[in-house]
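First the structure, in the form of C-alpha cells, and then the observations on it.
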C-alpha cells in the first residue's frame, strides 16, 4: 500500500523534481549556495550580520589586492605605468661619486691636521708671523706694483717686452682665479682666521689658491726668462713650494686648493708663452709705454 505522504510519482511531497535530479556536488545543485547557507548559519551563531561580513571581506586589503580569485572577474587591469626616471631613488651610487666623497673627506682631514699655524694657540703658533710675511710675498698687489714700476723705469725694448708679458700674466692670473672662485664658491676651512692682507670680495672663497697659482706662474716665468745661477734657481722653486705649503699651515686653504692652484699656474704660463706679446704683434702697447 503506498504511503499517503508520497505523491503519485513516488517522490516525497516536500522535494521538487529539480532538486532530486541533481547531485549535491553538481553545478546544478549550486555549490555556492551551499557555502552561503553554511556561512549564514555560522554568522547567525556568532551574531554577525551576513551583509556586514560580505562588506568587510570586500574591503579587506587582501581582497582589494586581488589575492583571491573572483568568480566573475572582468577584464584584467593594466599594470601601473613605471615612475619617471627623475622620481626613482638611486640606491646604487656610481664609483666616481664614492671616490669624490672619499677624496673630499681625506682632503678636509689632512688640511685640518696640517693647519698647525692657523692660530696663535696652535702647535706652531709662534711661526705664524713668519708665515704671514711669506703670504705677503705671494700677494698679487706687490707683484703688480713692482711690475708697473719696473716697466715705467725700463729703457730697453727687451726689458719692456719681458715686463709687458709679466704684467699680462699677472692680470690673467687675477682674472682666472677670481672667475673660478666665483663659480665654485668653496668656503675656506673652518679653522681659518680672516686676517689676510688686502682681501677682495672673492677672497672669502677657497678654491683655488691664488697664492699657489701665482707662485707656480712666477717661478716658471722667472726660470725661463732670467739667467740665474743654480742656487738661485733652487731658491725660486723652494719659495714657490713653501708658499703653497704655508697656505695650508695658516688654515687659509685645503690641500686640493693648493694642488689645483699649482696646476693652474703652470698652465697659465703656457697660455702666456703662446700669446707672447712683442713689438710685432702688439705694437700699440709698446708705443704707449715708450712715450711714458
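Counting starts with 1 at the first residue shown.
Cβ atoms here come from the backbone N, Cα and C positions, even for glycine.
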Per TrEMBL record, range annotated transmembrane segment [choices 162-184, 185-207]: 162-184
Cβ-Cβ under 8 Å with the transmembrane segment (162-184): same-chain residues at least 6 beyond its ends: 140, 143-144, 147-148, 150-151, 154, 200, 202-203, 205-208, 210, 213-214, 217, 221, 225, 264-265, 268-269, 271-272, 275-277, 282, 285-286, 289
